[in-house]
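**Student:** This is the structure I have questions about; it appears just below.
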Amino acid sequence: MQFIFKLEAVLAFIIIGGAFLLKSSSLMTPRKEIIIAGILCFSALLLQERVSNRFVLVTNNFLRLILVALFPFTVMTAISILAHPLIGTHSFQKWLVLIISFVVFIGAIILYIQKVLRPTAGITMRILTSYVLISSFTFIAITSKTFGFPFSYTVPLVPFAIILIFGILMYVMKLWGYRLPRWGINSKVNYWWLFLAIITALLNWGLTAGSWSRLFGHFDLAVAQTAIVGIVLTIVWTGLKEEFMFRYLTLWPLLMMKIKSDKTRVLVAILISSTIFGLYHASNVGHQSVLETCLQIFAAFGVGMVFSVITLYTGNIWIVVALHSMIDLIGYPITNSGPFSGLVSAYEIEFIIITRIIELVVVFLMLGNHKVQAAIKQTLANIRTR
């Protein structure tokens, strides 16, 4: 099986290399693709199935991350090159070729899951692998032009990729020994505590009021003026993706740290996952000021603490998925400009500081309550499958 996986990487390199040499019109940016395919092929050939010493282990982990990042895009590029001559002018033909190509792609990544993702061990490596995997699948939308669709994050490849990536992540988490997210909630949940945590999270609606007088006077909540496609993408790609990343793919493994005290382990896991969630928003520094970015990181850290506590208290991530989506979609003024989209006002700074203090107070009150801890222990008991 290891040989077949390596053969897939070599074939992808040959196909992309052939298109490069023939100056194929199906390859939009040949130099970039051939370099990526070359790195993938080289990494696959170097990957060892059996680790004999620490140096080989470190090298293998590095190669594995490269393969996680490059394999989906490279294989989809190779498939799209082969499929390009079959694409006609009619929409039906484009869709048929796209669907067949995607089925072939799914078949091609089976060994990728078994030989690259499944053997990944260690909390840090599993979290990194999950993040890289999510990022890698977003890039396959670039191949949409080869199938006759304009490059956009609303093209058919995107929903296909989103569904597939969530399916792969849930399957891989199960292979790693973690249970899938529950639909129900823990039996020991006190709904007053849950209500308090939810209301605390929803305080973020007030961030876009603009001033204290408007917040307590004439502030009306409104759904952001966004097209239906934008709303769906916000719910799926922002609410679901981020909560899946930070309250499941990150928080679950962190709860397996070798810390004897459950209470301490839970606190450390919440702090680390919330810090990573906050720092994740540092990527926005490219289109907003450093001060705005720092405020957003701090704001995300605070609400991440609340989301983590709700997840552990209930044993359910779907509540925070809904909350995250509601915060993103509702509460924006009619201008739809939202926070962190211009000069930072004194109100925004004051509001973020005050609400983060409230969030942290609620979080530590809940973590210090023995009844809340009893419900959290139910979650801890249901994280692992073995």
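For all residues, glycine too, the Cβ spot is worked out from N, Cα and C.
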**Student:** Please identify the range among 125-144, 345-364 that TrEMBL labels transmembrane segment.
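**Tutor:** That would be 125-144, per the transmembrane segment entry in TrEMBL.
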**Student:** Over the domain 'CAAX prenyl protease 2/Lysostaphin resistance protein A-like' (226-330), work out the mean pLDDT and round it to an integer.
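**Tutor:** When the pLDDT values over the domain 'CAAX prenyl protease 2/Lysostaphin resistance protein A-like' (226-330) are averaged, the result is 86.
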**Student:** For the transmembrane segment (34-51), give me same-chain residues lying six or more residues beyond its boundaries with a C-beta closer than 8 angstroms to one of its C-beta atoms, as numbers and ranges.
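**Tutor:** Counting only partners 6 or more residues beyond its ends, the transmembrane segment (34-51) has Cβ contacts under 8 Å with 2, 5-6, 8-10, 12-13, 16-17, 20, 57, 59-60, 63-64, 66-67, 70-71, 73-74, 77-78, 115-116.
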**Student:** Among the recorded stretches 95-113, 125-144, 156-177, 266-283, 289-310, which has the greatest number of Cβ pairs closer than 8 Å to the transmembrane segment (189-207)?
**Tutor:** 289-310
**Student:** Check the transmembrane segment (156-177) against the transmembrane segment (266-283) for contact, please; criterion is three or more CB pairs under 8 Å, pairs 6 or more apart in sequence.
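**Tutor:** Since fewer than 3 Cβ pairs under 8 Å link them, the transmembrane segment (156-177) and the transmembrane segment (266-283) do not come into contact.
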